[in-house]
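Here's the structure, in structure tokens; my notes come after.
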Amino acid sequence: MTSTGDSPSIQSLRDLREASCGPVGGAAEGSPTVTNDLSENVILTSLDDLHNWARLSSLWPLLYGTACCFIEFAALLGSRFDFDRFGLVPRSSPRQADLLIVAGTVTMKMGPALVRLYEQMPEPKYVIAMGACTITGGMFSADSTTAVRGVDKLIPVDLYLPGCPPRPEAIFDAVIKLRKKVGNESVSDRRQLKQTHRYCTIDHAMVPVEPIVTGAYLRAETQVAALSPGVGVPMAAPEQTESAEPVSSGASS
């Protein structure tokens with residue numbers, strides 16, 4: 001490429017850039033300096049980085065608390081933990097939220113309402129399953145006929161937060177991990193890889209299993225052997241005493 005007229009050549013521009021990046025006269029050799037060159041004061045970024053930075057810095061959660069796990073999340077609203085530093089602004093409408101925090105037991109009757117709230121949230125949206133009851137059903141998963149064995153059977157879950165209940169510090173750790181996930185996403189990839197099977201569209205079918213608590217432990221061999229000495233002891237008949245004065249059944253005339 002040849003330069004025409006008064007336009008500077010590529011080599012002259014490179015020399016000017018190297019000269020501007022060098023130390024200023026009178027400054028110590030190797031000390032950091034601020035240059036006046038425009039190329040040294042411009043930060044280059046991408047659309048994905050800018051978009052992800054804006055989203056991870058302003059997550060608006062929709063709090064869906066159904067049990068005791070929500071009490072631990074309510075502690076974050078106070079001044080001790082101050083979760084506002086992460087840009088979390090609780091919303092009461094799913095149309096204004098992009099993060100759904102499910103804390104507590106999800107029942108069959110609340111399942112359709114939860115799915116409806118999730119579908120009303122705009123894309124991109126994320127879900128945090130908080131607590132053992134939300135993830136696996138918890139202590140209600142043994143013999144309950146109304147508890148859902150994991151909220152991921154109804155809606156997709158981006159992050160699982162185990163605990164019974166999780167501490168507020170664990171909730172902060174979950175939010176930080178979710179921010180890292182948001183920061184590594186791409187707008188084009190999310191549009192192309194939009195899942196169509198994100199949640200179950202059929203009714204939650206429960207598999208019949210044998211009950212765990214049946215009361216049969218009272219009829220176990222070891223229990224019978226332990227109770228046999230006491231069972232074989234004859235019981236003494238209760239003592240009967242007769243009253244000397246008859247009991248009147250009515251008022252005397």
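Don't overthink the numbers, they just go from 1 along the chain as shown.
Quick reminder: no glycine exception, Cβ is built from N, Cα and C everywhere.
Record features (Swiss-Prot):
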- Cys68, Cys69, Cys133, Cys164: [4Fe-4S] cluster binding site (BINDING)
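Around Cys164 ([4Fe-4S] cluster binding site), a 10 Å sphere centred on its CB holds 11 further CB atoms from the protein chains shown. For Cys133 ([4Fe-4S] cluster binding site), other Cβ atoms within 10 Å of its Cβ number 27. Following the DSSP three-state reduction, the secondary structure of Cys164 ([4Fe-4S] cluster binding site) is coil. Listed in sequence order, the residues Ala67, Ala103, Gly104, Thr105, Gly131, Ala132, Thr134, Gly138, Gly163, Pro165 complete the 8 Å Cβ shell around the [4Fe-4S] cluster site centroid, once Cys68, Cys69, Cys133, Cys164 themselves are left out.
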